[in-house]
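Here the structure is laid out as C-alpha cells; the discussion comes afterwards.
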Amino acid sequence: MALQVWETFSKNQSQHTHVSLQRPSLCLGPPIKLGEITLEELKQYDGSDSKKPLLMAIKVPQPSSAQQPPPNNISSFSSSDLPWRPDQNQILLSPNSTFAAGFQPVPTSPNMYTFSVWFHNISQTAIVWSANDNSHVNRSATVFITRSGELRLGYSSGENLWPSKPTGNTNSSRLILHDNGNLVFGNWKSFSHPTNTILPNQQINGTTLSSKNGKFRFVDSKQLVFDANESYYSTDDSFVLLDYNGKVSQENGASFISADFGATRLRKLTLDEDGNLRIYSFDPKLGQWIVGWQAVSELCTILGTCGPNYICMYDGSNSTFCICPPGFRRVSAGGKESCQRKTPMTDLRNSKFLRFDYVNFSGGSNGTDINAQNFSTCEASCLNDPKCLGFGFKYDGSRYCVLQLERLRFGYWSPGNEIATFVRVDRSEPDESNFTGMLNLLETTCPVRVSLPYPPKESSTTTRNIVLICTLFAAELFSGVFFFWAFLKKYIKYRDMAQTFGLEFMPAGGPKRFRYAELKAATNDFSRNNIIGKGGFGDVYKGELNDHRVVAVKCLRNITGGDAEFWAEVTIIAQKHHLNLVRLWGFCAEKGQRMLVYEYVPNGSLDKFLFQG
C-alpha cells in the first residue's frame with residue numbers, strides 16, 4: 001500500500017530534516033514508524049525542492065548481515081523507482097539469469113563500491129564491466145534517473161560518474177540487462193564502453209581495454225602497451241570479435257582460438273592486471289575459470305613485470321618472480337621494496353662490467369641502439385657516456401648493441417635470449433655474475449704445429465733421424481686429434497645444457513620429451529622392417545614404448561631453424577586437438593636428432609574413422 005507524504009518545509013530548515021513515514025490514520029492502533037528518509041534524498045529523487053505531494057513506496061530497513069535474505073531481483077530500473085543505494089540488497093538480472101548488475105564492494109576496500117555487471121550464479125564472481133572503476137563510491141552514493149531522463153551515478157551534488165552521461169526518453173527509458181551481458185539505457189550500451197573485459201559477440205574493433213590496476217591498455221584492438229605508450233605485444237590486424245566457441249577473429253580473416261574451442265561454456269576476453277590478454281572459459285565441473293589462450297607466452301617479456309634493476313625469471317610453473325642481480329640488493333623503504341646497488345658508483349671512471357648471459361634489459365625509452373663494429377666498440381661507447389649504466393650485445397655478427405641510459409628497466413632472463421648484458425658496477429664490487437653459459441666464439445679448428453728438422457746429411461744417423469721425425473709427427477698428430485676431441489665433447493656438453501635449460505622452461509602442459517635411447521629401443525634401432533611411411537621430411541617408424549603404447553615416430557631430415565623455433569612449433573602442434581587429426585604425444589631433440597612421436601593409427605578405410613558409430 002502506498003503512502004502520501006506531504007512535505008512542508010520552511011526556508012531555514014536543514015537539508016537533513018527527517019520525514020517520518022507512518023501508517024495511515026484509517027488503520028487501527030497508534031501510528032507505527034516504518035522508516036525515515038532525508039530531505040536530501042527526497043530532492044534527489046524528485047529532482048527539485050518544490051512543495052508538492054510525492055507518492056513513494058515504503059522503505060523497510062534492511063535486516064542484519066547474519067539474516068541477509070536473497071537479493072531482490074529486478075528486471076529493469078526506471079525513473080519511477082527509488083534511488084538505488086549500495087546497502088540495498090538488490091540486483092538487476094538478465095532474462096536468462098546469466099548476468100547480474102548492481103553495486104559490488106571493492107575487494108581491497110569493502111566500504112567502497114562500483115556499479116558493475118558480473119556473471120551470476122557461478123562459484124567465482126567475475127566482474128565484466130564497471131561504471132566507476134576509477135572512482136569508487138561509498139554507501140551514500142546512488143543510481144537514479146532524473147525527471148529529464150539522465151542516468152546518474154554519484155552523490156546528491158557532484159559529478160555524474162556514469163560513463164558518457166547517458167540520457168534517454170523521459171517517459172519510457174529504462175535500465176535493462178540483456179542476456180549477452182550488455183547493459184542498456186536508451187541508446188547507451190555498456191558494450192560500447194568496455195573496461196577490462198570483452199564478452200562473446202561484443203565488437204572489439206575500435207575499443208580500448210584497461211587493466212584494473214591502470215598499468216596496461218589494449219589499444220587499437222591490436223596492441224598491448226605499458227605506462228601509456230610502451231608497447232610489448234602487437235598484431236598486424238585488429239581483433240574484431242570473440243565468438244561463443246572461443247575464437248577471436250581479426251580483420252584479415254585470421255583468428256586465434258581457445259584450447260577448448262567448440263565447447264559450450266561461458267567465455268570472456270580479459271586484460272589482466274599482469275598485462276596479459278587472455279581468453280577464459282568457465283569449467284562448471286572444476287568451478288573455476290580456465291585459460292584457453294593468452295597473447296604473451298613469455299610472461300617476463302611483459303613490460304613492468306618487475307621494477308627497475310630487477311631481473312624477471314620463470315619458476316617452471318607458468319609464473320614469474322623478480323630477483324636482484326649480483327651487485328644489487330633488495331631495500332625496503334616506506335612499505336615498498338626496491339633493488340639498489342650494493343656499492344654506489346661515485347666515479348664512473350673507476351667502474352667495471354658484470355656480464356649476465358641470456359639477460360636482456362629491453363629498457364623501453366631508456367634504450368639506445370648503436371651500430372657497433374665489434375664488442376670493444378660497444379663497450380667503449382658505454383664507458384664514454386656518463387649516463388650509460390650497461391649495454392646489451394649479441395655475439396652473432398649482427399652488430400647489435402644497445403646502451404641502457406639512466407635506468408635499467410624491464411630486465412628478464414630467457415634461454416631463448418641471444419643477448420649478453422653487461423651491467424656497470426663500481427670496481428670495488430666483490431660480487432661475480434652467476435648468469436653464465438653463453439660462448440663468445442666456437443672455434444671449429446685446432447691448429448697443429450709440426451716441427452721438422454733440416455734434411456740430414458748422408459751419414460749413418462739417417463735411420464735414427466727418420467724414426468725421430470716420424471715419432472714427433474705421430475705425437476703432434478695424436479695431440480691434435482686429442483685436443484679436437486676434447487673441444488668437440490665440451491661443445492656438445494654446452495649445447496645439450498642449453499637444450500635442457502630451454503626444455504625446462506617450456507609452457508606447462510606441453511608435449512612430452514622422449515629420450516633418444518627410448519625411441520631407439522621402441523623402434524628396434526630404427527629397423528627398416530618398422531618403416532610404415534616415407535615423406536619429403538623423413539621416414540616414419542612404428543614402435544612400442546615401455547608402457548606398451550604403440551606409436552608412430554617420424555624422424556625429421558633437412559629441417560632448418562633453431563631449437564627455440566622447433567620447441568615453439570612442437571608446442572603449437574600439440575595444442576591442436578581435433579577428432580580427425582592424429583594426436584602428437586611428444587618429441588625428441590637430442591644428439592642432433594629431431595623426432596615427432598604421434599599416436600599410432602592402423603591403416604584402414606578413412607570413412608570408418610570419420611563415420612564409425
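Keep in mind that glycine also has a Cβ here, set from the backbone N, Cα and C atoms.
TrEMBL annotations: computationally assigned, not manually curated.
Quick look at what TrEMBL lists:
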BINDING   Lys554  ATP binding site
DOMAIN    77-198  domain 'Bulb-type lectin'
DOMAIN    339-426  domain 'Apple'
DOMAIN    526-613  domain 'Protein kinase'
TRANSMEM  466-488  transmembrane segment
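Look at the domain 'Bulb-type lectin' (77-198): DSSP puts its residues at 3 helix, 52 strand, 67 coil. Averaged over the domain 'Bulb-type lectin' (77-198), the predicted model has a pLDDT of 89. The secondary structure of Lys554 (ATP binding site), as reduced to three states from DSSP, is extended strand. Within the same chain, residues at least 6 positions away in sequence whose Cβ sits under 8 Å from that of Lys554 (ATP binding site) are Gly535, Phe537, Gly538, Asp539, Val540, Tyr541, Met595, Leu596, Val597, Tyr598. Per-class residue totals from DSSP over the domain 'Apple' (339-426), listed helix then strand then coil: 15 helix, 40 strand, 33 coil.
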